[in-house]
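Going by TrEMBL, these are the annotated features:
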- 55-475: domain 'Major facilitator superfamily (MFS) profile' (DOMAIN)
- 91-109: transmembrane segment (TRANSMEM)
- 121-139: transmembrane segment (TRANSMEM)
- 151-170: transmembrane segment (TRANSMEM)
- 182-200: transmembrane segment (TRANSMEM)
- 206-224: transmembrane segment (TRANSMEM)
- 284-306: transmembrane segment (TRANSMEM)
- 326-344: transmembrane segment (TRANSMEM)
- 351-373: transmembrane segment (TRANSMEM)
- 385-409: transmembrane segment (TRANSMEM)
- 421-441: transmembrane segment (TRANSMEM)
- 453-471: transmembrane segment (TRANSMEM)
Amino acid sequence: MAIEQYKDVENCDNQGLEDLQEPLVKLEKKVVSYEDSESDESVESSCSIAMVLLSTSVAVCGSFEFGSCVGYSAPTQSAIREDLGLSLAEYSMFGSILTIGAMLGAITSGRIADFIGRKGAMRMSAIFCIAGWLAVYFSNGASCLDMGRFFTGYGIGVFSYVVPIFIAEIAPKHLRGGLTTLNQLMIVVGASVAFLIGTIVTWRTLALTGLVPCIVLFVGLFLIPESPRWLAKVGREKEFHSALQKLRGKGADISREVAEIQVYIATLQSLPKARMVDLFQRKYIRSIIIGVGLMVSQQFSGINGISFYVSETFASAGLSSGTTGTIAYACVQVPITLIGAVLVDKSGRRPLIMVSATGTFLGCFLAGSSFFLKAHNMFPEFVPLMAVTGVLIFIASFSIGMGAVPWLIMSEIFPIDIKGAAGSLVVLVNWLGAWAISYTFNFLMNWSNSGTFFIYSGFSVLTILFVAKLVPETKGKTLEEIQACINSDSRELPILK
């Protein structure tokens, strides 16, 4: 699963999905009038954002936990297999079962977050992750190890939905975009920290470090308010006003925002709920093809196989210690992810994905070539350097575009009436792809090291062709303009006629 998934919020048939990309309400008339636009700005700027920042800081502990779980298997593979006597198949199951748990968590997260609230869902996720890490720590065989990994997977599957939704629902409009990007950043930071710590501590100790963000999150949730939008949706009016007042500051005028939220929720609840079968109507099919195609492209680039077992990959290439390559891998991710976040609204979605896919092709091709040279005993002194360089080019290229942009595009291309159902389908495809890649990676490497990377590089080429042919540019367009573009292009595709 790409750790990049900060637009993972589309992973359930829930009505909070639209909050990340759409205005809170589309009104032709202002609900509450003000004397002029300057008074609006002064009111907004005078709002205290201290509670918003605290609430966001607490929530992204879940994102950090997500990254910690994803990054756990890379530096621990050889030690766990040696200590517990696991076969290659058993360790592959341990590494990949995280994605099965996450898939189930993602599918159920929307209903859970609606039923017990955003804070309740995060508490539940933290409990699952804590139980999972303790099971991993105390495990003496494959069964307990797999159960713990599955539990942490389920927890992060729920986190992947509820954290960005919670942030989007509490943040003022002018801060929402910046604060939601912290979700993706903290996922990458969590994975990088796990990579780094895993090189200096035992695998059991590394499991205990996974408890830290869960505990901080669990305690922090007692200090912050529930999502005002969820409170309004379930009819808890008094708590809704109180929570919004805490988030905007004691002296802030929240009357306009209260009215907007109430109208928005009323509008949202009046929309018919789409069923899965509705997604395959002619007017929606191109959006579905784009969404599913981008997720397949993202996963079959090989990201989860390479990132889950990167240390052993470097060791297979002849690097004296996989630790050095793992540290370099961890250090590359964070700054490149930051660069990608800046570029996405400057360069556009399509160019960024195509450049990113070109980079993943070059990285995989270089790594595959290094293993090919090693198999034929050619230039053995250059093989380790080529392998490390190839993998680093791959992860840098993936982080700058292929990690996050498919989720961003997915949140923009689906009409509001099918966004929940379409999001569920696309996320299901994403997690299934993540499982397939993470489970088969070690078997493919046993078959052919070079062939594995050449296969992944081939998928990167297909991604470039797919994006060039089918994916529209969504930068700077309203959701209505995007839909008009998709529907216009659909009529030109023979397969959709």
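Here the Cβ of each residue, glycine as well, is placed from N, Cα and C on the backbone.
Please treat TrEMBL annotations as automatic predictions, because they have not gone through curation.
Taking the domain 'Major facilitator superfamily (MFS) profile' (55-475) as a whole, pLDDT averages 89 in the prediction. Within the same chain, residues 2-8, 10, 184, 188, 290-291, 294-295, 297-298, 301-303, 306-307, 310, 313-314, 317-319, 324-325, 328-329, 332-333, 336-337, 339-341, 343-344, 349, 352-353, 355-360, 362-371, 373, 453, 463, 471, 474 sit at least 6 positions outside the transmembrane segment (385-409) and bring their C-beta atoms closer than 8 Å to a C-beta of that stretch. Sequence-distant contacts of the transmembrane segment (91-109), counting only residues of its own chain at least 6 positions beyond either end whose CB sits under 8 Å from a CB of the stretch, comprise 1, 8, 11-12, 14, 69-70, 73, 77, 80-81, 121, 125, 128, 142, 145-146, 149-162, 304, 308-309, 424, 427-428, 431-432, 434-435, 438-443. The list of residues near the transmembrane segment (206-224) in space but at least 6 beyond its ends in sequence, with Cβ under 8 angstroms from a Cβ of it, reads 51, 54-55, 57-59, 61-62, 64-65, 68-69, 72, 75-76, 119, 122-123, 126-127, 129-130, 133-134, 136-137, 148, 152, 190, 194, 197-198. Spatially, the transmembrane segment (351-373) is adjacent to the transmembrane segment (453-471); three or more Cβ-Cβ distances between them are under 8 Å for residues at least 6 apart in sequence. Away from its own ends, the transmembrane segment (151-170) comes close to residues 5-9, 11-12, 14, 16-17, 19-20, 52, 55-56, 59-60, 62-63, 65-66, 69-70, 97-110, 112-113, 118-119, 121-122, 124-129, 131-133, 135-136, 176, 179-180, 182-183, 210, 225, 227-230, 247, 431 of its chain (Cβ-Cβ under 8 Å, at least six residues beyond either end). A Cβ distance under 8 Å defines the sequence-distant neighbours of the transmembrane segment (284-306), meaning residues of its chain 6+ beyond its ends; these are 1-3, 99, 278, 313, 353, 357, 360, 364, 391, 394-395, 398, 402-403, 406, 409-410, 413-415, 418, 422, 425-427, 429-430, 433-434, 436-438, 440-441, 444, 452-453, 455-456, 459-460, 462-463, 466-467, 470-472, 486-487, 489-490, 493, 496. Among 182-200, 421-441, 453-471, 182-200 has the largest number of CB pairs under 8 A with the transmembrane segment (326-344).
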